[in-house]
Amino acid sequence: MGKKHKKHKAEWRSSYEDYTDTPLEKPLKLVLKVGGSEVTELSGSGHDSSYYDDRSDHERERHREKKKKKKKKSEKEKHLDEEERRKRKEEKKRKREKEHCDSEGEADAFDPGKKVEVEPPPDRPVRACRTQPAENESTPIQRLLEHFLRQLQRKDPHGFFAFPVTDAIAPGYSMIIKHPMDFGTMKDKIVANEYKSVTEFKADFKLMCDNAMTYNRPDTVYYKLAKKILHAGFKMMSKAALLGSEDPAAEEPVPEVVPVQVETTKKSKKPSREVISCMFEPEGNACSLTDSTAEEHVLALVEHAADEARDRINRFLPGGKMGYLKKLGDGSLLYSVVNAPEPDADEEETHPVDLSSLSSKLLPGFTTLGFKDERRNKVTFLSSASTALSMQNNSVFGDLKSDEMELLYSAYGDETGVQCALSLQEFVKDAGSYSKKMVDDLLDQITGGDHSRMIFQLKQRRSIPMRPADEMKVGDPLGESGGPVLDFMSMKQYPDVSLDVSMLSSLGKVKKELDHEDSHLNLDETARLLQDLHEAQAERGGSRPSSNLSSLSTASEREHPPPGSPSRLSVGEQPDVAHDPYEFLQSPEPAAPAKN
């Protein structure tokens, strides 16, 4: 029902025009008789009183009809339905809202008949409506992770992992778990687009399950559910499931539990006790399922760790090739690349390793490969600055020198052993002789007797008195060096020394004072040997080296030492021995047969 059309206006106009035309066709005539005379008076159209009377009557009738129509209209409006009135009020309210709303295009959605076109500026893009959800703007990785999150939440029908755990729910949770995680936090991170790959999502999912298994005991419901969800989630997000066409949700080990829980949660918000008992009653079956799939679970964890390592390497070293050496059965080496550009390839990327790939070509005129040792890269731990500073400030051996520190390292092995030994000795420094003896015995057992030998040599070095300067002779070789004279005879009381010290019985002291004539003979012999060495070097340096090893020149007769020379004689005058292993212990004085 709507408003009645005003058709009566057109009808009134037509009737009024007809009415105005009809009286003008034939005017009325009045005849008056006065005193026997007859007066005729014609009345015109504008002065006819009957015309005005008829017209006023017509207007009264028209006004009466208009009142009747208004009355009928008011009566009809009273009988309108309540729904129509409510609809009209809503339409009026919507119109008022459309007038006050901002220019975001809401008027077109409510009133399609009244369209207001607003042209946005060309340099500014049109903003989306705030009330509309931003589902259209989600990236493919977000949609994939949302699908994974929905699948994982179905495994948790009771919402154990839905919200963050507080100390009010689990006492002491914040003290045990330093990095909490739950499905709600993961969903917020998906919406905020904080996950750049599936690996990061898997890391947070594993963190959530590990937190549950760390806080709860293995016989609890939460521990078992976390273990189930962890296994199912890693299987669902594995590489084979992502790249394959099969649905991983259909291959899960417990397919009959999940649909039941989903139906019950749809019907009622709170799950019943029967469902909970059905879910967690067969504990033995649950344990057997997890035990039977332990290998698959470990495989999923290994694949996850490998994916994390590959992503980390590609992020820090893009385009780099890292790998390991693999030896084949025939003895050849292969370099297997770990972070290959195509990890899904059937064959792994390998490179053969041989001598030619590790070295350059031979230079002309040289028969061997050159090797240049960079001295700047050589660092010895015995003479480093940090070691000297850390070892000099101790209460057991104060003011250690470089040679004394070498003794310590030779006895205890490395810096850790030296620090441990010094710490033990400092601990029992003021405890008495018995405690010191126990520590010395312990260090001897650990070092195999090197501790006692080191202590003896260190005390011997520090107990030798220095000779005054006026007693030193000009020709005395000891006056220039000033080094202490060691007595090797003291080592004979240690039978467990690694070196053979039986030959020390025939020796006295290592250094003795030389006669004046013997020193001149030694100087002449040394000068002659140096001259021969200089001539031999000049002769060899002037010749061009051969390109083959077979054509190298042999040692000349001049280079061979004559028989009976001092270099051929040993301590016990044994000319048959080619090389004496204890040559460094010989006395500098010449042997008796040399004078003859």
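Counting starts with 1 at the first residue shown.
Backbone N, Cα and C atoms are what each Cβ position is placed from, and that goes for glycine too.
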SER49, SER56, SER272, SER567 - the residue Swiss-Prot records as phosphoserine: SER56
Local Cβ density at TYR222 (site 'Histone H4K5ac H4K8ac and histone H4K5bu H4K8bu binding') - other Cβ atoms counted within 10 Å: 16
Residues in the compositional bias 'Basic residues' (63-73) grouped by DSSP into helix, strand and remaining coil: 11 helix, 0 strand, 0 coil
Number of Cβ atoms other than its own within 10 Å, given for ILE169 (site 'Histone H4K5ac H4K8ac and histone H4K5bu H4K8bu binding'): 9
Coarse DSSP state, helix versus strand versus coil, of ILE169 (site 'Histone H4K5ac H4K8ac and histone H4K5bu H4K8bu binding'): coil
Cα separation, TYR222 (site 'Histone H4K5ac H4K8ac and histone H4K5bu H4K8bu binding') to ILE169 (site 'Histone H4K5ac H4K8ac and histone H4K5bu H4K8bu binding') (Å, whole number): 13
